[in-house]
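Below: one structure, written as structure tokens.
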Amino acid sequence: MINPFTFYSQSPQTIAYAVLVGVVTVTLHSWILAALTWLAGDRGPRQDGRLTLSPTRAASPISLLSITFTQIGWIRPMQITPRALRGGAVSLLPLLLISLALLALFAQSLMHLRPLIAHTFPGAMPAYVTMALIDAFRRTVFWYVAFNLLPIPPFLMGHLWLWRGQPIWMKSAPIGRCIALIAFVTLVTVTVSYRANLIQIELALLR
């Protein structure tokens, strides 16, 4: 089964799992945040086409590559207008946190299906693959949520800078890509250098 920061030791099968659950993670989170923003009164994300389950709308190629290699990625910057939210700018932080909480809750709720699948289809290969994907999804969501709590771009909490107006890394696509590339290189470096310690952290926290 996939552990974070161990991409290079995995089989082709688990690499395929990593790609699939990574795409699902960022796509689902982007949709959740867009839906919450729309429900909170800001029509911007819907008009921008973010209220859709499209991986290319949800994340950049660098982010999709990062979540495949390291189980950590980020969504494309979402054009949220804090003043348009019900409750105003103070609603932005709860909105971001709730989107991550719902993603984590969904991943954890899927774990309750594993015993049912194992009991209903004992020894069946499709059942094994489904349970493996559920476990991989939970692990990916764990690290995705943890890193997206960092209040820096390109992670989700970087959207807090919207309190002071649209930040330059959202206005300028080249700057945004540069920041994403720096994040990707940093995460891969962490992958190679500290994966053993981080695996122990994950095992302790997910028990």
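Positions of Cβ are set from backbone N, Cα and C atoms, glycine also.
Please treat TrEMBL annotations as automatic predictions, because they have not gone through curation.
Residues or ranges marked as transmembrane segment in TrEMBL: 15-38 (among others).
Annotation source TrEMBL lists transmembrane segment at 87-110 (among others).
Listed by sequence, the residues of this chain that lie at least six past the ends of the transmembrane segment (116-134) yet keep a Cβ under 8 A from its Cβ atoms are 1, 17, 20-21, 110. According to TrEMBL, the feature transmembrane segment maps to 116-134 (among others).
Taken from TrEMBL, the feature transmembrane segment applies to 141-162 (among others).
Through the fold, the transmembrane segment (174-194) approaches residues 5, 7-8, 60, 62-63, 65-66, 69-70, 72, 74, 77, 153-155, 168 of its own chain, all at least 6 residues removed from its boundaries and within a Cβ separation under 8 Å. What TrEMBL lists as transmembrane segment is 174-194 (among others).
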